[in-house]
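Taken verbatim from TrEMBL:
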- A:27-80: domain 'RNA polymerase sigma-70 region 2' (DOMAIN)
- A:110-160: domain 'RNA polymerase sigma factor 70 region 4 type 2' (DOMAIN)
- A:178-274: domain 'DUF6596' (DOMAIN)
Amino acid sequence: MSASAREVVEQVDAAHRECWSTVLASTVRLTRDLDLAEDCTQDAFVQALRTWPDGIPRNPGGWLTTVARRLALDRLRRETNLRRKLPLLIEEPSAGEDDEQPTDPLRLVFTCCHPALARQAQVALTLRLICGLSTPEVAAGLLISEPTAAARITRAKKKIAAAGIPYRIPADEELPARLDVVLTVVHLVYTAGHVAAGPDLTRADLTGRAIELARMLVRLMPAEPEPQALLGLLLMTQARGDARLSDDGELVLLADQDRTRWDARMLAEGVARATGALRRGQGRFALQAAVAGLHVTAPSWEKTDWHQVVRMYDAMLLSWPSPIVALNRAAAHSLVPGADLAAVLAELDALGNEPALRSYAYLPAARADVLARLDRADEAAAAYDEAVALTANEAEQRFLRRRRNALPVAAAGD
Amino acid sequence: MTQYMFLLYDSEDYDNISAEEWERQMKLHGEFSAAVEAAGARVFGGEALQRSSTASTVRQGSGEPLVTDGPFIETKEALGGFYLIEAKDLDQALELAKLVPAGNVEVRPLMDTSEGAGPPA
């Protein structure tokens, strides 16, 4: 049965979101060559656009995997240096050339997060290879320039190939040490999807992929508290997803969200996982999940236990100091009843010197909020403008402009 | 299998090294080689180097090559020796590098320059 051009484009688009990493990971398992696997995965999607008008396959992911792996084998056989590459073909496809293994994406994650790669390269590579993000999207997600993102990805791929970084899930005894990096990267993937660049507020493919990866890690390491904590954190964030947007598609802050619109089942699972993780340790994600838990179990924004939230951030700063944590701490501090807002503003101003926050929209947005509450409307307006210029997300931009235009002094809007 | 060079960097402060200490060091290197074989990897080369003050450097720039004394290092640790290792992958190479009796070990994959090999990745 033939399909309309529009239907084909939609299906290929959906497959790209849902199947990219499994197709790529399965092809990498065959070729052990990231660049070749990536090219062939890309080509498989191009072939889908050409072939699917004659009929969309019932299992698009399987179809794409078969095509990508066949393309890869053809190219390997054609290459003049075949002899050099043959030993790398550890697993010749046997029964079914299109077989996918459920742990393939996880293997690819551990490869991307190998400790011999720089942390920044690990994250960029995971976004590119596991999530199929384009280089501009990777750059936007990591607050870096496009050439920097491209260079990081290229260098990391070259090192994986030249240094022989293996494509496997680490052995049991190595897992804990390798885990923290992976969790950080999965969290960053979620964040990149949670506030995506472009017209849509979120990219469900990224958030969904991150949650799926977190679940995989929990299954793989049931005794480790941190994967549980990360999964709990992601679920609690995800459960609030619908309430983040108003009926007319505008961004609604946690403070103003209709709590009855939160996904109760997802929240319950998130809280349970976070609580379980906290009982077994106070790792980085356990503390973050604790903050999320304080938010979702509070009867209202105002009645959130802000003292406790600040204490959790203090604990985080002690073990894992980072400018972003300091920013969150300052924002929570500003909400403690009777907080010294001038002191909070000084905290935020000091963070302005942090290179990592220089292009981070939340810093001027937080400053704007505190300035507005200090009745310094002109400065607040300038800070909102700064924040608008820094975010690539249109819903966020509209939200920030609304806040700016609601300031008491009639500062000229745009 | 991939081939790696282990570059052994260490302090050169061995002016008054005793015969016993020398023997102990050699024994440690012997144990390292045995561990490599036991892991199913292979040592296919390796030497210890005389101290860096015995080195000469030929500087090739524009014009005549210039011969000068020593390498130009500011750090306390100097290249003191190397191993050539064939290992399954980087993970195995790094595990083996942890067993080398030296201060710091740089693990570097070798480049394939055989006929038919392309330019480096």
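Cβ coordinates come from backbone N, Cα and C, glycine included.
Predicted automatically and left uncurated, TrEMBL annotations should be read as such.
Residue counts for the domain 'RNA polymerase sigma factor 70 region 4 type 2' (A:110-160) under DSSP (helix as H, G, I; strand as E, B; rest coil) come to 37 helix, 0 strand, 14 coil. Counted with DSSP, the domain 'RNA polymerase sigma-70 region 2' (A:27-80) comes out as 45 helix, 0 strand, 9 coil.
Confidence over the domain 'RNA polymerase sigma factor 70 region 4 type 2' (A:110-160), given as mean pLDDT on the 0 to 100 scale, stands at 88. Sorting the domain 'DUF6596' (A:178-274) by DSSP state (H, G, I as helix; E, B as strand; all else coil) yields 69 helix, 3 strand, 25 coil.
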